[in-house]
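Annotated features in TrEMBL:
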{"type": "REGION", "residues": "1-20", "note": "region 'Disordered'"}
{"type": "TRANSMEM", "residues": "27-47", "note": "transmembrane segment"}
{"type": "TRANSMEM", "residues": "53-76", "note": "transmembrane segment"}
{"type": "TRANSMEM", "residues": "88-108", "note": "transmembrane segment"}
{"type": "TRANSMEM", "residues": "114-132", "note": "transmembrane segment"}
{"type": "TRANSMEM", "residues": "139-158", "note": "transmembrane segment"}
{"type": "TRANSMEM", "residues": "170-190", "note": "transmembrane segment"}
Amino acid sequence: MSNQKHEQACVDDQTRPDSGGRHRWRVVDIVVAAVLGVACGLIFFGWNSLGYAWYSAMDALTPGLGGLAAGVWFLGGPLGGLIIRKPGAALFVELVAGFVSMALGNQWGWETMYSALAQGLGAELVFAIFAYRRFGAIVAILAGLLAGVGAWVNEFILGNWSKSAGYNTLYLICTALSGAVLAGLLAWLLMKALARAGALDRFAAGRESRWLV
């Protein structure tokens, strides 16, 4: 089969009307989503120290700037959505990652799961808006941005409502920007790197990397 035919097959796979199977989870989807969740959870666990130190330093400089450090904690949702490309994947990966981070021991305990839920739903919403058919850099960045907005909403409900409007406005902007770059764009770059390495050959992301060049 020619490269042109492979390219068309990849595009058709992502754009044709759903016949009932395109959105159905396979066993490999579940396994890889779980692995991604655990991997992101380990990243979160490491970021709980490094990232929180950055967060605290920025907040000490100007209250609200700490949001610039938050994006790494949103990585699971965009990465899961970009690779698995099925309804619920972004939320599932972010929840698994949050659980792993909590289970390993962090300073937030069960509140970690509230954050994971809000962040995962934010990312999931973007993929749903694009009907799980578009997975480019712009969609990834939007998924990271909305994950950041979800995190902001969660923290506002849990206590930030009592802080000033100036703080909450700056924190929203910084958290959303951090999510767009450190979760969305980074997830897209990671997906591309994994695909080029051949780790995603069972997924549309891997086929696109091989033929859409």
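Every residue gets a Cβ built from N, Cα and C, even glycine.
Below 8 angstroms of C-beta separation, residues 25, 29, 33-34, 36-45, 48, 52, 74-81, 115-117, 119-121, 123-124, 127, 143, 147 of the same chain, each at least six residues beyond the ends of the transmembrane segment (88-108), sit close to that stretch.
Packing against the transmembrane segment (170-190) from elsewhere in the chain are residues 62-75, 77-79, 82, 122-123, 136-137, 140-149, 151-152, 155, 160: each is 6 or more residues past its ends and has a CB under 8 Å from a CB in it. Residues 23, 73-74, 76-78, 80-81, 85-95, 97-99, 108, 139, 142-144, 146-151, 153-155, 158, 179, 183 of the same chain lie 6+ residues outside the transmembrane segment (114-132) yet bring a C-beta within less than 8 angstroms of a C-beta in it.
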